[in-house]
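According to Swiss-Prot, the protein has these features:
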{"type": "SIGNAL", "residues": "1-28", "note": "signal peptide"}
{"type": "BINDING", "residues": "W71, I72, N73, D74, Q90, W98, W133, T134, R198, D199, E253, D287", "note": "substrate binding site"}
{"type": "ACT_SITE", "residues": "D74", "note": "active site"}
{"type": "CARBOHYD", "residues": "N94", "note": "N-linked glycosylation site"}
{"type": "CARBOHYD", "residues": "N167", "note": "N-linked glycosylation site"}
{"type": "CARBOHYD", "residues": "N247", "note": "N-linked glycosylation site"}
{"type": "CARBOHYD", "residues": "N345", "note": "N-linked glycosylation site"}
{"type": "DISULFID", "residues": "C445-C491", "note": "disulfide bond"}
{"type": "CARBOHYD", "residues": "N565", "note": "N-linked glycosylation site"}
Amino acid sequence: MVMAPIPQPWHQWPFLILFFLVLFSCESNLPCRNGVEATQRVFLYPQSPKVSSIVSKGYRTGYHFQPPKNWINDPNGPMYYNGIYHEFYQYNPNGSVWGNIVWGHSVSTDLINWIRLEPAIEGNTPSDINGCWTGSATILTGDQPVIIYTGADTEKRQVQNIVLPKNRSDPYLREWTKPKNNPLIEPVGPGLNSNQFRDPTTGWIGPDGLWRIAVGAELNGYSAALLYKSKDFMQWTRVDHPLYSSNASNMWECPDFFAVLPGKNNGLDLSAAIPNGAKHVLKMSLDSCDKYMIGVYDLKHDMFVPDTVLDDRRLWLRIDYGNYYASKSFFDSKKGRRIIWGWTNETDSTSDDVAKGWAGIHAIPRTIWLDGDGKRLLQWPIEEVESLRRNEVSHQGLELKKGDLFEIKGTDTLQADVEIDFELTSIDAADPFDPSWLLDTEKHCREADASVHGGLGPFGLVVLASDNMDEHTTVHFRVYKSEQKYMVLLCSDLRRSSLRPGLYTPAYGGFFEYDLEKEKKISLRTLIDRSAVESFGGGGRACIMARVYPAAVVDGATHMYAFNNGSSTVKVSQLKAWSMTRAQVNVRKG
């Protein structure tokens, strides 16, 4: 399809002046809260009265996971069993705010199109009467699936319970039963806070043949992943030391523990022998962010040992630098990969959520593996999402000089998948890097936004832009030189994403190290889904999930551009964009 030619800077100056002036005038926002709150709350939001709103339909996503209506938060117990993918989730069947939580349940054969089922777990026994919260699935020896989850008992203590499928011959595993010996694990022991003891992990087998799980906890005022052992997955004994603990924080939610191989995107099954050379990852949810450490699992001492110990948790690695929390991974035995899911909350108001009748989505499932140098996880949307692509638009060899803005036409800009390779013509133009920026990347993205000229960057995408550009979201790179290496900053700036008041509109950002002398180019992939903008920079080295609510989405008219506002010219060696058709997400009930 024929596209408009690349505009020359003098053709675009009135337009660009408006674009960069409105960027420059944005107010700053508080760092790293992401509009996300703790997932296991012991209070209920008051039910707001229904109000009329223009947001009732326009912002509902077309291919991200969400129930037909009401509130959703953490993904729970994802697994692949007998040809079916299962996704459980924290769900309020009675409203679009947090409360009345049960385990929703949906099934799929491709992780994209989903059939909804009746809730799998409800709080109706003494060990979960005050809440049935996050947990994990494990496939035991003999092909037996089980789920361990946190319940709030009659005393409102957080305890760990188990459920078993009532009929394993049912391909959808619709019904689950609770053994009478629940709870399996209680919050006993010195220094353990009974109200901060939750979210058990998937089980793994140690060198002694015993099963293990970790549970997030506050121990003596600090964060810990407590370690438990069992022969039969029913009788559990707490190990006398945590899997890992840190005095840099006071509570870890939703811990995850899994093995990865450097440079290989095949996943590892924790219930099988782990090959030599594998690394282990300990992921935790805190500060409204999902963070992780890479290290080794010391089998002799039954402990996780990180490669690098950082006392400042602001320097811990991030799964995602945007609105992404409570992630859960699982081994997909069908394709031999590890997949991770995360929850993305709304960042509009509670009254908006009530008016919409729904709140919360899950990010696109991502394949996750370890970079070849063993220093960082890489993430990429699962290949199945590509089945939704339609109407491909392609460009090669485009040149973007300082101030150039190139409109990408021929795709549905409300639901799109865009992949761009930016080729750098002069990496020597990179500005010097200041390590202090790592302590607050959002602040740096605000101060060095798309209106601020740099040596290399900003360059990237403008998405969900209104006709006159008074609403737009930028996803862009900046390149810096740090001693003998290059640091790349990926920003997703939401501060001009909407004219609507009362929204949380930060400038998200994250750095990653990149060998530009070898690669010479940086890739960007962005999935646009009405109110979701999900970006992957540098082949998945930095990921940013964002929620936006432009009025232009409701009007059904938005634009998308590639741009460069750096002093050095960048080339778009490859640009591909597709319209994304709507997935069948929980439309049908099974």
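For all residues, glycine too, the Cβ spot is worked out from N, Cα and C.
Annotated features, which come from Swiss-Prot, shown on the structure.
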residue: W71; record: substrate binding site; CB count, 10 Å: 25
residue: Q90; record: substrate binding site; CB count, 10 Å: 24
residue: W133; record: substrate binding site; CB count, 10 Å: 27
residue: N167; record: N-linked glycosylation site; CB count, 10 Å: 12
residue: R198; record: substrate binding site; CB count, 10 Å: 27
residue: N247; record: N-linked glycosylation site; CB count, 10 Å: 11
residue: E253; record: substrate binding site; CB count, 10 Å: 21
residue: N345; record: N-linked glycosylation site; CB count, 10 Å: 25
residue: C491; record: disulfide bond; CB count, 10 Å: 30
residue: N565; record: N-linked glycosylation site; CB count, 10 Å: 25
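Within the same chain, residues at least 6 positions away in sequence whose Cβ sits under 8 Å from that of N94 (N-linked glycosylation site) are N70, N100. Straight-line distance linking the Cα atoms of D74 (active site) and Q90 (substrate binding site), rounded to a whole number, equals 5 Å. Under 8 Å, Cβ to Cβ, and six or more positions away along its own chain, C445 (disulfide bond) finds L489, C491, D493, A507, Y508, G509. In this structure, N167 (N-linked glycosylation site) belongs to neither helix nor strand by DSSP; it is coil. Checked against Q90 (substrate binding site) by C-alpha proximity, the glycosylation sites N167, N247, N345, N565 yield N345 as the nearest. Under DSSP, C445 (disulfide bond) is assigned to a helix (H, G or I) in the three-state scheme. Ranked by CA distance from R198 (substrate binding site), the glycosylation sites N167, N345, N565 have N345 at the top as the closest.
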